[in-house]
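Step one of this worksheet: look at the structure below.
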Amino acid sequence: MDRAEELVREMEEEGIDAPIDIYHIMMDGYTSIGNEDKCLIVFDRLKECGFTPSVVSYGCLMNLYIKVGKVSKAFEVSEMMKLAGIKHNMKTYSMLINGFINLKDWANAFAIFEDVIRDGLKPDVVLYNNIIRAFCGMGNIDRAVRIVEEMKKERHRPTSRTFMPIIHAFAKAGEIRKALDVFDMMRRSGCIPTVQTFNALILGLVEKRQMEKAVEVLDEMLLAGIRPNERTYTTIMDGYASLGDTGKAFEYFSRIKDEGLELDIYTYEALLKACCKSGRMQSALAVTKEMSAKNIPRNTYVYNILIDGWARRGDVWEAADLMQQMRQEGVQPDIHTYTSFVNACCKAGDMQKATNTILEMKRVGVKPNVKTYTTLIHGWARASLPERALKCFEEMKRSGLKPDKAVYHCLMTSLLSRATVAEYYIIEGIHRVCEEMVESGLTVDMGTAVHWSRCLRKIERTGGDLTEALQKTFPPDWNSHRNLNAASNNTGNTEGSDNDDYDDDPFHETDSDDDTNAPAL
């Protein structure tokens, strides 16, 4: 862009008036590097030079805002364009639809599509592809398939981009047969599957943790003469990383190297994820050294993986050291960074540091989310301080966040564990939380209901108000389950069934250092 600016200055010095197309080219250039300020300067300069902004000019601005994630600003430009008496064309409509789809705002995406039809424009392949993405995103995959048939009737030839979101959506939904049927439909439409199409299928399978089937698709690719690329192997690595299978992750990392493919930041992120998930933190450090040797900088996501890895082990010192390194390298912590660090503090039992971290978040403008508060509530529960967990819960609601099932489960388990020895307001807190769960229509699973009922028997041996309130959150088949257990106990003449310990319940998470206690980020 610096060289492009020099050329424009040379034109001005030579007395050559730049046509409006030059301004559009410059705006597109600044958009491609995400320089919003320079792009707006060129737009203003275009008007200063006596040009009236055209649909292309406004389209360049909309493209800029959509690329930088400011879809609302793009919509404002759209309204500005209408006030100037300039009608949308298919390209500008497609930009807006694409922007709303990226935000998963299906309602506005379809509203724009209705505007297209109302304006008498006939959708092109790009617009159809975007609408297919929208239907797949909202889970209406069969409707997306019907759109493909509609395209054909309108004599539009589907492309690989048409089929990719459908294949991915079916695979992600676990409907592999339908995903493969779409592959066949693709071939019948004269569209040859590409590496990107196979990658869409593999990604869907990986997201469902169906790794064996994902590897089978990889073998099919090779048989079809299609060479896997970096993204293919990285996706499979990411799947094995989620399972904590470091060996398999390293195996596919080696294949990327052996096949001469590029090792990028995403490949290293998948490898780090595998190491940290399996607790191999020394291996993770070796990976970061290799990244440094290849001049691949550590971004926020890489730091998040590392901090989460140390958090799983409760090593707050290593996690704190990484937070310090982030600041020194100018990498900004995000909500996930802070939540992982709070988890590290809670695992280490340092609730003061966890609380201070929440205060720091607020100071720097990072608002704690539901998972952050769930982590903190779990920390107070581990510290056997349910009253602090309850206060944290109330603070969470005051901040405008809506508790989810995980928060209620964690808080209620904590309160029940102390209800026999704690003050009256703990009992009152249980009643309040019960009422909220009932109002929200939340019910717990059978394993949780079994554990909670055991806690209740220690508080109210023969039942009472608390038991009645809490059982409203139990599964609908709770009574039949309880009667079946009672009959089983009587038949076996089992004694002392009321003395089951907290840790004897296989459905309940214990206070081990296993990562199941940490909220998933």
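Numbering starts at 1 and runs along the chain as displayed.
Placement of Cβ uses the backbone N, Cα and C atoms for every residue, glycine included.
TrEMBL labels come from automatic prediction, so no person has curated them.
Annotated repeat 'PPR' per TrEMBL: 19-53, 54-88, 89-123, 124-158, 159-193, 194-228, 229-263, 264-298, 299-333, 334-368, 369-403, in sequence order. The domain 'PROP1-like PPR' feature in TrEMBL is assigned to 268-416. Among the features that TrEMBL reports, region 'Disordered' is placed at 473-521. Sequence annotations record features per position, and here TrEMBL assigns compositional bias 'Polar residues' to 481-496. Per TrEMBL, the feature compositional bias 'Acidic residues' maps to 511-521.
Away from its own ends, the repeat 'PPR' (19-53) comes close to residues 1, 4-5, 8, 11, 60-61, 63-65, 67-68, 84, 86 of its chain (Cβ-Cβ under 8 Å, at least six residues beyond either end). Listed as Cβ neighbours of the repeat 'PPR' (229-263) (distance under 8 Å, sequence separation of 6 or more from its ends, same chain) are residues 195, 198-199, 202-203, 205-206, 209, 211, 214-215, 218, 221, 270-271, 273-275, 277-278, 280, 283, 294, 296. Note on the repeat 'PPR' (54-88): residues 20, 23-24, 27-28, 30-31, 34, 36, 39-40, 43, 46, 95-96, 98-100, 102-103, 105, 115-116, 119 of its chain, located 6 or more positions outside it, place their CB under 8 angstroms from a CB of the stretch.
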